[in-house]
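Asker: Input: one structure, supplied below.
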Amino acid sequence: MSAFGTHLADTSALMRIYRDAEVRRRWAQHIAAGLIGVCPVVELEMLRAAGGRAARDRAAKVLGSTFGWVPMPEDVFRLAHELQDQLASSSAHQGPSAVDLLVAVTAQAHGLKVLHYDRDYETIAKAAGVEMEWVARPGSVS
């Protein structure tokens with residue numbers, strides 16, 4: 001286990017944890033034990049969804065008190081470019097977004113699994129060997 005826990009949550013996973021009671025129950029022990037973290041780019045995506053300043057402030061407090069903080073490596077953009085280059089060698093670079101790449105290389109740098117609900121992470125895993133785990137069975141939640 002990394003000093004930052006076991007998983008780095010992507011926005012897709014966090015949205016399912018917040019919206020679906022069964023998903024939340026499944027991951028409750030991991031969350032309570034501090035095993036799931038978020039990184040700055042995921043925090044930005046989550047806070048973008050908040051409706052207004054007060055809601056954004058509340059969401060930031062909930063994120064900060066619920067999940068661990070995983071810093072992004074200094075060379076995160078270089079690593080993301082390298083990952084995208086790996087994906088391009090098999091013409092798989094057009095699926096994963098820039099955020100997906102940044103989350104994947106951050107997780108890899110800290111020895112964490114990406115917790116997600118996004119098929120693009122499976123593409124990344126096949127190309128680069130980054131460890132991934134679905135927050136719920138694919139297609140089982142909206």
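Even glycines carry a Cβ here, placed using N, Cα and C.
Copied straight from TrEMBL:
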DOMAIN    10-126  domain 'PIN'
BINDING   ASP10, ASP100  Mg(2+) binding site
Asker: Pick the one among the binding-site residues ASP10, ASP100 whose Cβ has the fewest other Cβ atoms within 10 Å in this structure.
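Answerer: Sparsest of the binding-site residues ASP10, ASP100 by Cβ contacts within 10 Å: ASP100.
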Asker: Helix, strand, coil residue numbers for the domain 'PIN' (10-126) per DSSP?
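Answerer: Counting residues per DSSP class in the domain 'PIN' (10-126), I get 76 helix, 9 strand, 32 coil.
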Asker: Within the domain 'PIN' (10-126), what mean pLDDT does the predicted structure show?
Answerer: 93
